[in-house]
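What follows is a short report on a single structure.
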Amino acid sequence: MWLLGLPWALALLVTAASSGPSADPPDPASIFADLSPEELRALRAVRTFLMGRPELGLSPSQGGPLAKNSLFLVELLPPKKRWALRFLEHGGARPRREARAIVFFGAQAEPNVTELAVGPLPHPSSYRVLGFKGGRAVPFSARPMTRLEYELLFEALVAAVAPLEPLLREATGFGFQNCSERCLTFSDIAPRGVGPGERRTWLVIQRFVEGYFLHPAGLEVLLDHQDPDPRRWAVRQLWYNGRYFGSVRELAESHARGTLPLARLPEPPARQLFSSYEPRGRFASGTPTEVHGAKVCEPQGRRYRLRGNRLEYGGWSLAFRLRSSAGLQLFDVRFGGERVAYELSVQEAIAFYGGHSPAAMQTKYMDAGWAMGASSYELARGVDCPETATFLDAHHLLDADGPVRFRHALCVFELPMGVPLRRHFDNDFQGGFHFYAGLEGRALVLRTTSTVYNYDYIWDFLLYPNGVLEAKVHATGYIHATFYTPQGRRYGSRVHSHLLGNIHTHLVHYKVDLDVAGSGNSFETMDIRFENISNPWSAGARVVPGQGGTGTPAPGLTPPLACPRYHLAVTRRHENEPSSSSIYTQNDPWDPPVTFESFIRDNETIEDQDLVAWVTVGFLHVPHAEDIPNTATPGNAVGFFLRPFNFFNEDPSVASRAPVIVRPLDPPTCSRVEIQRWTPASPGPCVHPEPFTYNGTYRQV
């Protein structure tokens, strides 16, 4: 049995079954691997193949009109589970390798978005349409934003608000016209409307300085860009400093008449801007911060093995990939050679906001819709990951006319936990001890990040030597903030002079396809109750007085999407239910092509079946002044554990050769001791000679 470690006791029971003979082909994990640098030609081949199909009529992604047919995304399409298991366990044929391609069909009478399976890789020769459950089509209005649409949106905004240039210059000292170093920019809000088919976006105008997310100008603009022809786009409404205006002209005239309460912003300083990372002030203790602090080291070398996308550490073995759409996926997760899970993956990251301004009250971010997997920018050695980490590149073909290399997008490292995995001091109660024994606490970490505009998510999977796996996400980066008004205090905190940190809830959804001792799983919750019984050795005395307890979890939040309503939902596994969300949900949350509620409303039995646990974790964030310049990671991390529960005969970490045992040779004096260990007596020097470097580019290759 394995426990899914959530805020309540929960057990996943499995039926033991023979897994059959184990095949050992070369690099079996590669069936789950992303298209590697060596396979970049496959990405190009998919694009070339599709661009050459006359019936698709594809045009380049960049440039041209919106009303065109274009290729938006190419990523690996994982094989069907039954084919993968046939290959991994029974020596079957290697599954056909295919790509998932998303095509925007905008140049037709009824525009839509279509997903295609293209293969075989690396030399594609055919494609087929991938449908959603229930045969749902994806409307064109549900498509994710593209670089081209953002460019057109900015041009339309600048042209539309040109009459407001005097107002903006007077209030902020910045503008859109001939602005040089004192320009305005914007952040866009989603969903883009209040009903299906709409594409109307509230734009928050900001001063373009370092950390511009914290510099709203007090103006928010609702721009309608539903029509594929940008010439028909128009501003529908504006909000300035707490007041609504029906048109740009109305706001401009109010300013010209002198009847508009102007929100004048102070001049931003040239140095030590509050939204920057530049040091300012001193710690009261006076302890040094100008020197390097503690570092992670590997004095005898790495204790893990990385072969392609196969990662091995102690008893652990797994395959991993970083998909462009939604991020990290683990496959074929094994401990001691036995499969624990077929898949563990990030599905969605959601943030629901409250506020007084229209942009704040409209914000319901669903980050899969922003391709959070492709927002995996360079990890800094020594900051984002230890200097000793192994760094891996990622390649994405998303909204581009060729693959783009994201340098150092993932890292792998062994982490000292700062607390022993287990330890005991066996007291002799005479001033000495019988023995001391301890095992250092370490875990292997697989990490990537998603920087979805203002927010940075740090995604971790941690492997512990005792068979425990932890999934964890830290939230950091800039808060989503709006212009301060007195009415806004009901929805957050005033974190700076003209800045309101809006209250919001973070929710993260995971898929956990456990396959312990086979795929025939059952589900059971454990409810602990107090019981009143008589003391058997003292008649009439009560052992445990009081009322009965309950293991029922606290009710969760119920936002419009179904998946976050449940801390945990368990369903039968189906190939046509690969994900609980999609990249289209952000721009069409009212009628999305993937509806998680349908996964759990089909009344299927979940006894002795191939089951998936869908896990939601999250926290409420009430921003405060200490979120300036960025939200800090301590206290802003959530996750869950997978723990063995009567699966092993003992703690499997006893196989580690890292414990230390100390026994006195002359008890009870304990002046001489025997130290027993299976590693070198001293770890040796702990230094890393290479200076800090950082590249930060991600370019088409």
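Cβ coordinates come from backbone N, Cα and C, glycine included.
The feature active site, proton acceptor is assigned by TrEMBL to D367.
Positions annotated as active site, schiff-base intermediate with substrate by TrEMBL: Y455. Of all the Cβ atoms in the protein chains shown, 24 others lie within 10 Å of the Cβ of Y455 (active site, schiff-base intermediate with substrate).
Residues annotated as domain 'Copper amine oxidase N2-terminal' in TrEMBL: 43-126.
Residues in the domain 'Copper amine oxidase N3-terminal' (143-243) partition by DSSP class (helix H, G, I; strand E, B; coil) as 31 helix, 32 strand, 38 coil. The domain 'Copper amine oxidase N3-terminal' feature in TrEMBL is assigned to 143-243.
For the domain 'Copper amine oxidase catalytic' (295-531), the mean pLDDT of the prediction comes to 94. Taken from TrEMBL, the feature domain 'Copper amine oxidase catalytic' covers 295-531 (among others).
TrEMBL lists 565-653 (among others) with the feature domain 'Copper amine oxidase catalytic'.
Feature annotation from TrEMBL assigns signal peptide to 1-19.
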Residues near D367 (active site, proton acceptor) in space but at least six apart in sequence (CB under 8 A): E348, A349, I350, A351, S450, V452, Y455, Y457, Q586
Counts by DSSP class (helix H/G/I, strand E/B, coil) across the domain 'Copper amine oxidase N2-terminal' (43-126): 19 helix, 27 strand, 38 coil
